[in-house]
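Okay, so here's the structure we're looking at.
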Amino acid sequence: LTGVLDDCLCDIESIDDFNTFKIFPKIQKLQERDYFRYYKVNLKRPCPFWADDGHCSIKDCHVEPCPESKIPVGIKAGSSNKYSKAANNSKELEDCEQANKLGAVNSTLSNQSREAFIDWARYDDSQDHFCELDDERSPDAQYVDLLLNPERYTGYKGPSAWRVWNSIYEENCFKPRSVYRPLNPLAPSRGGLGSVCLFSWTGLCLEKRVFYKLISGLHASINLHLCANYLLEETWGKPRWGPNVKEFTRRFDPAETKGEGPRRLKNLYFLYLIELRALSKVAPYFERAVVDLYTGNGHEDAESKALLLDIFRDTKSFHMHFDEKSMFAGDKKGAKSLKEEFRLHFKNISRIMDCVGCDKCRLWGKLQTQGLGTALKILFSEKEIQSLPENSPSKGFQLTRQEIVALVNAFGR
């Protein structure tokens, strides 16, 4: 891929250089830290749109959570549990990590700010959310170690997987008028899972083009991860994972996709730009002393925050950011209506992730969708972020630990 991306003044080569030499090494280190490696998720929520057609029985679809009995009271979700450093340092956590190489950390803020935050933790700010958030207090919500449950091709495919993406594109996505996507794997076409006719953006405003490209970029991102970490062979119970060039070609080569493959990859770069912009915008939220990436290990917490702030400095130095101010800039009533339509479409897509039949695919689908939803929430909350008080919590803008972990890991993917 080369050249300038549509709808922004940025070229692919500049993004590649910036990411390879500045961002990627640091974001990789950050993802390995305890605060960002443990994600609380409910993988048992029923599909809200159609009858559940059964879960994937392939062993590689399985997600290994940390047993609830091993998680110290101090890090369990919900304000009813007292937050304390003693709980984080308990022997139970050590047992969990030694026995299962798994663990759980739950922290949003330093200890002294905990009580203040409890007061408004129940405050319903769903109007700002672009995602359907899992209830962390649900008995079905469990901590997952993302490093021990990597995103990769599990063998989950066919009509069940097709129905998820088809529902996203056909029912919940603004799309170019002339696009036709026979996503059904049984459809007779050389391009298989994603054949499309030529694009025509006629009559599609910037906001709807952006929405389509974000979903397409997310789809491309997930497909790339599956191609890059594919089950190549399994002999004597020992799986070998690695890049599958043939599968990559099938999904992205111009000849295999009627010229559509490179556009999908360009949409991935566009997705990167949007999430990069969100990181640069949310920096003031984390720069405040009142926000701590708290795990109970003071030395690691300080290092994690320093690394995160270093990444923020890099994101601010990028000189070809997407300008989100060009969105929703028409008459106030029309812009507000369009923004709400945008938010509800995306929220619906986040709910569709509960229809994914493979637990590992569901985990990473939910995480990356929530990460993008958090990025959108940030981009549309600039005034609230700029007016945050330095030394106290604010009801104007807040991020849960779930959202923070999703934002960093989705950008990392």
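Each residue, glycine too, has its Cβ placed from N, Cα and C.
All annotation found in TrEMBL is predicted automatically rather than curated by experts.
Residues annotated as disulfide bond in TrEMBL: Cys56-Cys61, Cys358-Cys361. Feature annotation from TrEMBL assigns FAD binding site to Arg152, Thr154, Trp165, Ser216, His219, Arg251. Residues annotated as active site, nucleophile in TrEMBL: Cys358. Residues annotated as active site in TrEMBL: Cys361.
Shown here: features listed in TrEMBL, placed on the structure.
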residue	record	CB count, 10 Å
Cys61	disulfide bond	19
Arg152	FAD binding site	19
Thr154	FAD binding site	20
Trp165	FAD binding site	20
Ser216	FAD binding site	25
His219	FAD binding site	20
Arg251	FAD binding site	24
Cys358	disulfide bond	23
Cys361	disulfide bond	24
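The Cα of His219 (FAD binding site) lies closest to that of Cys361, out of the disulfide-bonded residues Cys61, Cys358, Cys361. A Cα-Cα distance of 18 Å separates Arg251 (FAD binding site) from Cys361 (disulfide bond). Cys358 (disulfide bond) sits 21 Å from Ser216 (FAD binding site), taking the Cα positions as reference. Across the residues annotated as binding FAD (Arg152, Thr154, Trp165, Ser216, His219, Arg251), the widest Cα-Cα separation comes to 21 Å. Calculated from their C-alpha atoms, the gap between Cys361 (disulfide bond) and Trp165 (FAD binding site) amounts to 13 Å.
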